[in-house]
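These features come from TrEMBL:
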REGION    1-66  region 'Disordered'
COMPBIAS  21-37  compositional bias 'Basic and acidic residues'
COMPBIAS  40-58  compositional bias 'Low complexity'
TRANSMEM  102-117  transmembrane segment
TRANSMEM  137-159  transmembrane segment
TRANSMEM  179-204  transmembrane segment
TRANSMEM  210-230  transmembrane segment
TRANSMEM  242-259  transmembrane segment
TRANSMEM  331-352  transmembrane segment
TRANSMEM  373-391  transmembrane segment
TRANSMEM  422-440  transmembrane segment
TRANSMEM  452-472  transmembrane segment
TRANSMEM  492-511  transmembrane segment
TRANSMEM  517-538  transmembrane segment
Amino acid sequence: MSTQSQQQEQKQKQSKYNKQKLQDNETEENRLLHSDCETIPLSSPHSLPSISNNANANAEEESEEEDAVYAAKDKVHIFDLESATGGGTGSTVVPPFSWKKLWLFTGPGLLMSVAFLDPGNLEGDLQAGAVAGYSLLWLLMWSTIMGLLIQLLSARLGVATGRHLAELCREEYSNWARLVLWVLAELALIAADIQEVIGSAIALKILSNGLLPIWVGVIITASDCFFFLFLENYGVRKLEGVFAVFIGTMAFSFAWMFFDTKPSEEELLMGLLIPRVSSKTLRQAVEIVGCVITPHNVFLHSALVQSRDIDIHNKSQVQEAINYYSIESSVALLITLVINLFVITVFARVFYGTEQAKDIGLVNAGQYLEERYGGGLFPILYIWGIGLLAAGQSSTITGTYAGQFITEGFLNLNIKKWLRALITRSCAIVPTMIVAIVFNTSEGSLDTLNEWLNVLQAIQIPFALIPLLTLVSKEEVMGTFRIGPVVERVSWTISVLVIMVYGYLLLDFFLSEVNGVLFGFLVCLCSAAWITFIAYLVKHSGAVSSMLARSPSSKGFFSLAGN
């Protein structure tokens with residue numbers, strides 16, 4: 001009788017659960033019933049289920065929905081019931097390519113790509129063009145390709161696990177390491193946000209003909225960021241549409257400047273195809289590589305891909321989502337490559353070899369352009385200001401998103417979205433206001449500030465890349481979607497290269513800025529701690545032993561790692 005009673009009680013719980021899910025979303029209810037016996041503990045969702053109790057499975061699924069980045073009702077539904085069950089949960093065979101599905105998957109890549117176009121990147125572009133001319137275009141292209149690989153790994157992690165990088169880091173590392181990673185990620189995010197907000201403020205100052213000081217622009221940017229986030233209440237696709245408009249505005253503005261200044265087509269092609277770096281342009285080369293891969297963007301992309309309704313227990317759906325995300329991310333970064341190329345070539349055409357080349361920055365770039373090309377029907381100063389404003393506004397929104405995911409993931413906070421946005425936004429806006437007031441004295445002070453902010457982001461980049469590569473290489477996390485040995489070796493090689501580039505940037509900066517014994521001692525102490533923590537993360541990852549144990553296979557570049 002006791003057994004029968006338990007069975008009846010379990011059936012009643014199951015029936016109540018089913019009715020509740022049916023009211024919320026009938027399609028989601030059917031999908032969840034199909035995978036009732038599968039659970040997602042700390043191990044991979046694609047491994048064999050270790051718990052068969054239906055009540056426990058349901059409880060875990062309810063808990064996961066509460067902790068999800070996007071609620072089920074907010075997700076974009078792509079797979080219907082037939083396609084979700086037709087291939088079987090254990091099959092990785094995907095349906096033929098569909099333009100409709102690609103359109104539905106398009107969006108997260110646009111938000112991710114904004115980090116390649118933020119005001120910090122634009123300043124690096126214009127300085128590279130002014131100082132190095134067309135000679136570093138090849139490096140821009142290959143840096144974007146390296147950045148694409150890192151972002152594809154981030155998207156793969158989010159799709160295959162149903163969780164984002166900060167959440168997985170919370171479970172992967174010990175408490176002290178997790179807290180260190182969180183603090184460093186927050187500092188790097190604040191540094192990036194200051195650059196983005198000040199970039200928007202500079203644009204508002206240009207477009208208002210100097211009427212709005214930078215600190216007023218900071219307040220406006222901080223306020224309208226919440227307005228754009230409010231659009232998410234009307235659906236994630238609406239917000240993605242806003243970002244498409246921002247990127248389109250940048251493309252139009254900088255393309256207008258490109259065709260207006262008429263750069264040399266021959267030198268442009270030579271710059272793309274022939275690698276050239278001299279001692280005079282080494283610093284600009286390092287900055288180009290450094291601007292492409294940003295720490296918060298690695299965290300961000302793994303969360304954005306969860307805006308689509310994907311059954312992580314269904315291998316066919318996961319593989320199909322990875323394929324479509326790879327396409328849309330590649331197209332998005334191709335667009336950013338073209339926009340960055342426009343900026344570099346414009347300033348190479350106008351300022352390379354001039355006395356102004358060494359002093360040019362975001363603040364005075366528009367004025368210098370106007371002096372060269374005058375006003376006209378559409379003054380180039382205002383075209384530049386519109387493009388800069390679009391870059392700043394879009395990047396501040398994605399920065400807010402990244403802050404939410406980082407804080408919530410590392411600290412396991414479960415608070416309302418508006419309060420979470422207010423907290424994370426305040427963490428960046430308060431120091432930005434202080435910076436805007438203190439450094440709004442001269443162009444040189446803003447350039448010095450920008451260098452220090454780049455240093456903060458350079459310090460963080462290993463602590464985003466190494467955890468990412470650690471997790472995507474683990475079968476207990478990724479299951480059959482663990483990256484293969486070829487991709488693992490290439491990814492680690494790129495990461496080491498990027499870390500070395502940032503290391504050079506840090507060394508060059510501190511050698512030129514460090515004065516005094518005490519400051520020098522503190523820098524040496526912090527450098528030793530930085531290197532030690534990197535060594536700890538690499539040892540924890542087991543990357544060296546893993547790559548020695550796994551020989552490269554003959555599978556495709558992004559083929560599944562076989563069991």
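Just so you know, glycine gets a Cβ as well, placed from its N, Cα and C.
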| query | Can we call the transmembrane segment (492-511) and the transmembrane segment (137-159) in contact, meaning three or more C-beta pairs below 8 angstroms at a sequence separation of 6+? | reply | yes
| request: Using Cβ atoms only, state whether the transmembrane segment (102-117) and the transmembrane segment (331-352) have three or more pairs under 8 Å that are 6 or more apart in sequence. | output: yes
| message | How about long-range neighbours of the transmembrane segment (517-538): same chain, 6 or more residues beyond its ends, C-beta under 8 Å? | response | 177, 180, 459, 462-463, 466-467, 470, 499, 506, 510, 544
| request: State the residues, same chain only, that lie 6 or more residues beyond the ends of the transmembrane segment (452-472) and have a CB under 8 A from a CB inside it; answer 'none' if no residue qualifies. | output: 120, 150, 153-154, 156-157, 165, 168-169, 172-173, 180-181, 184-185, 187-188, 190-192, 194-195, 287, 290, 293-296, 298-299, 302, 478, 482-483, 488, 491-492, 495, 498-499, 502, 505-506, 509, 530, 533-534, 537-538, 540-543
| remark: Sequence-distant contacts of the transmembrane segment (331-352), meaning Cβ under 8 Å and at least 6 residues beyond its ends, amount to 109-110, 112-113, 116-117, 121-122, 125-134, 136-137, 140-141, 144, 147-148, 151, 247, 250-251, 254-255, 257-258, 261-264, 267-268, 360, 365, 368-369, 372-373
